[in-house]
């Protein structure tokens, strides 16, 4: 069967993967309301396309923290990719590099920062979890910096792991032939089998629940890399992130895997964008499956978006070629959406190109 959109990879991944692995990637927290909402909320935003504009040339390029990329579509950090495919993070890094975009490597990757850096010239960011042992954190950040990673995406929504009931039922644990490669030498690379989710127990034992804004400042004393704060959903926290020296903000609800009944990220985006007042770029993570979704996020003020599950599902289905295809399909759909909306460059995408169901009825000025 020919694959014609990103969503179709999920069913193939479900067939191919062991249940424990598929459930780990696919599930959300508790009732999974936010999981569904991350997708559904996009359908409450409609287009106001402008016609008779010369769209023979379309430029999708942009810069993120000074790095030029081919399109505003980047790869979010997703853990343990070798559970999906033997090449895991290597394949994802090569696909991102071939597409001219950025990959974010998870702290909990099954390949190390050094291994991923060795795959080639692509731009990589490093997602960081803050461990109780700050020496572990400092060492990891230094390794990422030395390996040529260009930014730190600090995950701030996980003082404890959300309740993911599929993982509890499946007694989720990392398969025995894999390790959390970045922590191997620190004896933190293995996950014990428990009568719960093995990951939840690992997080409870290792991740620092006391993490606060002062640690965002501390991080800047140990690295010169820019810090993106990942997991912001409110205007208040957006303002605090800027005060704490963040170089950018990723609006994220952790793929709906942490606190259930938080809004979809596309619903939280505008509040965060308005609070930043253009001082730092804001990115959207969560629920993007179509080029139309990318356009909607940019119209609401995002500088770019990150995709997570589409990467692991396409990786499971077709390895590197699958991830390349996902990036290409999203690129093609986004380009078409721009053309049909009358936008030739990202700066031409405005709030006037969409109408959201929370907008006031609009009074259109007479020309």
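Including glycine, each Cβ sits where the backbone N, Cα and C put it.
Here is what TrEMBL records for this protein:
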type	residues	note
DOMAIN	1-359	domain 'FMN hydroxy acid dehydrogenase'
BINDING	24, 129, 164, 254, 257	glyoxylate binding site
BINDING	77-79, 106, 127, 155, 230, 252, 285-289, 308-309	FMN binding site
ACT_SITE	254	active site, proton acceptor
Pairwise Cα distance for residue 79 (FMN binding site)/residue 254 (glyoxylate binding site) [Å, integer]: 12
For residue 77 (FMN binding site): intrachain residues, at least 6 apart, with Cβ closer than 8 Å: 104, 105, 106, 107, 127, 153, 155, 308
All-chain count of other Cβ atoms within 10 Å of residue 289 (FMN binding site): 22
Separation of alpha carbons, residue 129 (glyoxylate binding site) and residue 289 (FMN binding site) (Å): 26
Reported mean pLDDT - the domain 'FMN hydroxy acid dehydrogenase' (1-359): 96
Candidates 24, 129, 164, 254, 257, namely the binding-site residues, that fall within 10 Å of residue 285 (FMN binding site) by Cα distance: 254
Site of maximum Cβ density within 10 Å, from binding-site residues 230, 254, 309: 230
Integer Cα-Cα distance in angstrom, residue 164 (glyoxylate binding site) to residue 287 (FMN binding site): 18
Neighbour count (Cβ, 10 Å) for residue 285 (FMN binding site): 27
Rounded to the nearest Å - Cα separation of residue 257 (glyoxylate binding site) and residue 309 (FMN binding site): 12
Entry from the binding-site residues list 24, 79, 164, 287 having the most other CB atoms no farther than 10 A: 287
